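Lifted from TrEMBL, the feature list:
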type   : residues : note
REPEAT : 73-105   : repeat 'ANK'
REPEAT : 106-138  : repeat 'ANK'
REPEAT : 172-204  : repeat 'ANK'
REPEAT : 205-237  : repeat 'ANK'
REPEAT : 279-311  : repeat 'ANK'
REPEAT : 354-386  : repeat 'ANK'
REPEAT : 387-421  : repeat 'ANK'
REPEAT : 457-489  : repeat 'ANK'
REPEAT : 556-588  : repeat 'ANK'
DOMAIN : 676-712  : domain 'SOCS box'
Amino acid sequence: MNSIYQTGTQNSKNILYFYILLAIIFSDNSRAGFEKREKRRQIRKLQDAITAKDVSTVKEILEDDFDVDFQYRGQTALQQAVKEGQEEICKLLIDKGADIGACDAELNSLLHIACKSGYKDIAKLLINNNTDINALNDSNTTPISVCAFRGDKSIADLLIRENCDLNLKNLKGETPLVVATLQRHAEMVEFLIQSNCQIDLGDENNSNSMIYAAKLGFTEILQILIKHGAELNHKDRQGCTPLYHAVKEHQIDIIKEIIKYHSTAVSDKRIQLDTPSTKGMTPLLVAITNNCPDIANMLLDAGCDVDKRDRLQNSPIHVAVRQVSLVFGQEEEAMSVVKKIVQLGCDINVGEIEGKTPLILSAFAGNKELTELFLQKNADVTKCTTTGDTALHAACSSIKSNPEIVEMLVKAGCRVNDPNNNGEIPLFSALFNRADMRIIRGLVKNGSDLNYREKTNLLSPLHEAIIQNLTEAAIFLIDSGCDINKPNKQLQQPLYTACEKGNEKIVQYLLSSGKCQINGLVPTAIPLHVSMLNNHGRIVEILAKAGCNLNRINHKCLSPIMFAAEQNELAMAKILLKYGCDLNAQAKVKGMMKCCLMYPVDKHPHFELEPLFFAVTHKNRDMIDLFLHCYNDNPPYWVMQLLIKFLREISQLNAQMTPDQKKELIILFLKACKLPRSLQQICRGTIRETLGTLPQDKVIKLPLAEKLKDYILMKEIFIEEETKEEELSNEERDLGRFN
């Protein structure tokens, strides 16, 4: 019980002490708050009097003893007086002991404020009271820089008399002289120079007053700077001189002023006209690149080096030639620059970094006048680029495709059969770039090798013409006597390429020559197969009519009909069967083949390569019916029996076929196996096998009735294809009528 009582007494004492402590704290805070409020009241009253320019009230307030530097509204009374321009009040405050070193939030001193507002008397008052004349605000700007910005010589004179630092830089690296230049204060610029500031100091980019005056077109300031000995060839961090910047900014008056000093007769200062930037660009190159022919001619007249090259080895003549083809509506002015450079004796055979000479550039641009100019100056026509291209290659590659330039170059000695590094003669360049046919004819006329093959893929000109779909050029090359069977690196002949590209006209023209090898050289390059691969049905029919081997096995051990079945191309299969292909051709091949290694369990002919197997895997009922009708011999019963077993037992087919589909096919194959073919069908098959390919041409000679001929040709099956063929022929005839 006693312990409980003692504990309660102790808690009461602690609470009492807590309340006493709170009372003391609040008592102190209340006193401090009162004093602070009183100071604020006095300062507010003082600042109101300053705003009202009430000097007598200010004097009365200052008689009291209080903190004159107490801030109200974010400023001291002296700061407000300086901003208001109240010199007398400023004196009173300073005499009262106000802090003349006070700064605002941007670290602007009282002297900064006075200079900014142009309060000379206040500035003088502050200086006389030993304020820091080199004070820096948060952008490192000094009072003299503020004066330079405003062009205020009077306050600047006060600061200079007190030996302020004229060369202190702000955060951008700008000296007062640079600041005055940027603000175009010519008198201030001269005043600062006369006050012995450093005239050539640059900013963070090492751009000085001379560079800015040139860049901005401040001629008067430039003249002042030059008069006082500014460095004419000063470079910024990119190596650009005042002349460079004047040219870049098209400051013609500045350029005229600067180039006066290129002659030592005018001054002992000599401007260097050809000083390159870090990228090697000279003022002349900049003028030409920026399409300023007036400035370029001015610099050329002043004596610029016409062979000075940039980092990419471009000389003025290279840039000028390119410019002629780039500008629109000003070709004559751009041309005048080229002519002047040539007249001044530039090296017309020099190549840039890619080895392109002025002649090559003009030929590529398709500019006849320039090309003629360089040829008249005896330009070297044998010069090549780093890729081995001559001026003739360039002319044949030109977008403008000017046959007159090609003719001029050939007459000047350019050889039509000189290859480049890829083994391409100019004829290839003309074909690849789809040049004017007159150029192609001109090259052939002048002896271009029609059978020359380039290095990479061993393509002949005829190959290239077909690849570029240049039908007229391809026919011209054929008529000119090129080898129409010349193979490329993959042993693909021009006919193969034409079939691959689907160009019916070229295919027909090649076949009509009577010299074309229609079946290809190797199993990988069979024209018929590539036509089918690219779904060019018309070309397949053209090849079939021309007598190609419809049963040739390709590199995948597929005959054309097998290939059509594999690709699920019913239309292709009909064309092949119509013209007499053999559905059992693969079974008649003797000896070991690649497919025998791929399917070692299954003897040749292999079940998985059978046309019927492909048709079943594609669920193509029309194709299956077609094949069953078109076997010349008995259909392959062993294949159908395997297919029946396959359909009955392979469970994976459930995901591919419905039970009804499988049942339908099983019934079809069972009937085909059990029901014998009619005598009429057997006879037709025997006759068709005897006739072989192109039965249409052979059955006509048989002494049979027309109805029997139609039966042998299976017109009841192929009548739809013949109707389509007739419709297409009519369309071609109609198109020919209107073209």
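Keep in mind that glycine also has a Cβ here, set from the backbone N, Cα and C atoms.
When Cβ-Cβ distances below 8 Å are used as the criterion, the repeat 'ANK' (457-489) is approached by residues 427-428, 431-432, 434, 437, 440-441, 444, 448, 450-451, 495, 497-498, 501, 503, 505-506, 509-510, 513, 515-517, 521, 525 of the same chain, each at least six residues removed from its ends. Only residues 6 or more beyond the boundaries of the repeat 'ANK' (279-311), in the same chain, are considered here, and those with a CB under 8 A from a CB of the stretch are 238-239, 241, 243-244, 246-248, 250, 252, 255-256, 259, 262, 273, 317, 319-320, 323, 326-327, 330, 333-334, 336-337, 340-341, 344-347, 350, 352. Counting residues per DSSP class in helix, strand and coil order gives 16 helix, 0 strand, 17 coil for the repeat 'ANK' (172-204). Restricting the average to the repeat 'ANK' (387-421) gives a pLDDT of 96. Note: the repeat 'ANK' (205-237) comprises 17 helix, 0 strand, 16 coil (DSSP; helix = H, G, I, strand = E, B).
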